[in-house]
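Everything below concerns the one structure shown next.
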Amino acid sequence: MDLIVFNTKNEANVYVAGLIVQEINKNAFLTLGLATGETPKGIYNDLIKRYRENKVSFKNITTFNLDEYIGLHPESPDSYHFYMQEKLFNHIDCPKENIHIPNGCAEDLNNECENYEKLIEESGGIELQLLGIGINGHIGFNEPGTAFDTHTHITKLAPSTIEANTPLLVEEKKLPSHALSMGLKTIRQAKKIILVAFGKQKADAIQRLLNGEVSEGFPASILKRHSDIKIVIDSELNNELKVE
Ligand SMILES: O=P(O)(O)OC[C@H]1O[C@](O)(CO)[C@@H](O)[C@@H]1O
């Protein structure tokens, strides 16, 4: 695992967006895994900026998002569908049919999970996956205790995730209790992974990722078994890490 530290979030965002653009410019048909949450917002802004400057085109890429809340319609401002449209897809040239986000309102959710996994496979697998991390070590919505061999599945949100994400709600009164999420196996199969984390509040999770053991009690620890992963953090987080 390569740990890369930047003085500011902004520098980190520019670096990560640069890596994504580099991959797309090497392979215009890239399959890209995307994340939501607070962390990637600046990266998406930088990607939009590069698109407007004609430095990159997204017209042939395929995207797969990590997760979606169960029960939220794509038009709900609190859904990850809405987030992705607003923060990225409305501003770039990625065709609608190339964009994949699990449908948390599907009639048959198990079927939706199976199909999602099949679509990833048919696209040739994710070549570059962008990840954030929860304070409890979740990646996607794979909460502590999730088996390492899971594919896209229905997951129950941990209390700390509900606590962290409830203040972000715009319209809904209550955060859904469940979500659809790529599994830990799905994520691990991505050829390259970039995990981004900012701020003091993520320091314990990153410390455990760097120095802890591989255990299903800490989902992100599966990434220690990945051969091509970059962890990108800011100095605020780095200053909290203890050298072990
Ligand atoms: O970036 P945040 O908002 O801290 O969230 C951390 C992670 O938790 C999630 O919100 C759960 O999917 C991810 O999207 C994100 O990467």
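Including glycine, each Cβ sits where the backbone N, Cα and C put it.
Automated prediction, rather than curation, is the source of TrEMBL annotations.
On a predicted model such as this, the values are computed, not experimentally measured, just so you know.
Taken from TrEMBL as is:
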{"type": "DOMAIN", "residues": "12-226", "note": "domain 'Glucosamine/galactosamine-6-phosphate isomerase'"}
{"type": "ACT_SITE", "residues": "Asp67", "note": "active site, proton acceptor"}
{"type": "ACT_SITE", "residues": "Asn136", "note": "active site, for ring-opening step"}
{"type": "ACT_SITE", "residues": "His138", "note": "active site, proton acceptor"}
{"type": "ACT_SITE", "residues": "Glu143", "note": "active site, for ring-opening step"}
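Checking the active-site residues Asp67, Asn136, Glu143 against ligand 1 with a 6 Å cutoff on the Cβ atom leaves Asp67, in sequence order. Reduced to three states, the DSSP call for Asp67 (active site, proton acceptor) is strand. The C-beta environment of Asn136 (active site, for ring-opening step), restricted to residues of the same chain at least 6 apart in sequence and closer than 8 Å, consists of Glu143, Pro144, Ala158, Ser160, Thr161, Ala205.
Across the fold, the C-alpha of Asp67 (active site, proton acceptor) and the C-alpha of His138 (active site, proton acceptor) stand 12 Å from each other. Note on Asp67 (active site, proton acceptor): other Cβ atoms within 10 Å of its Cβ, all shown chains, come to 23.
Look at the active-site residues His138, Glu143 and count other Cβ atoms within 10 Å of each Cβ; Glu143 has the fewest.
In the three-state DSSP scheme, Asn136 (active site, for ring-opening step) falls into the coil class. According to DSSP, Glu143 (active site, for ring-opening step) is assigned to coil rather than to any helix or strand.
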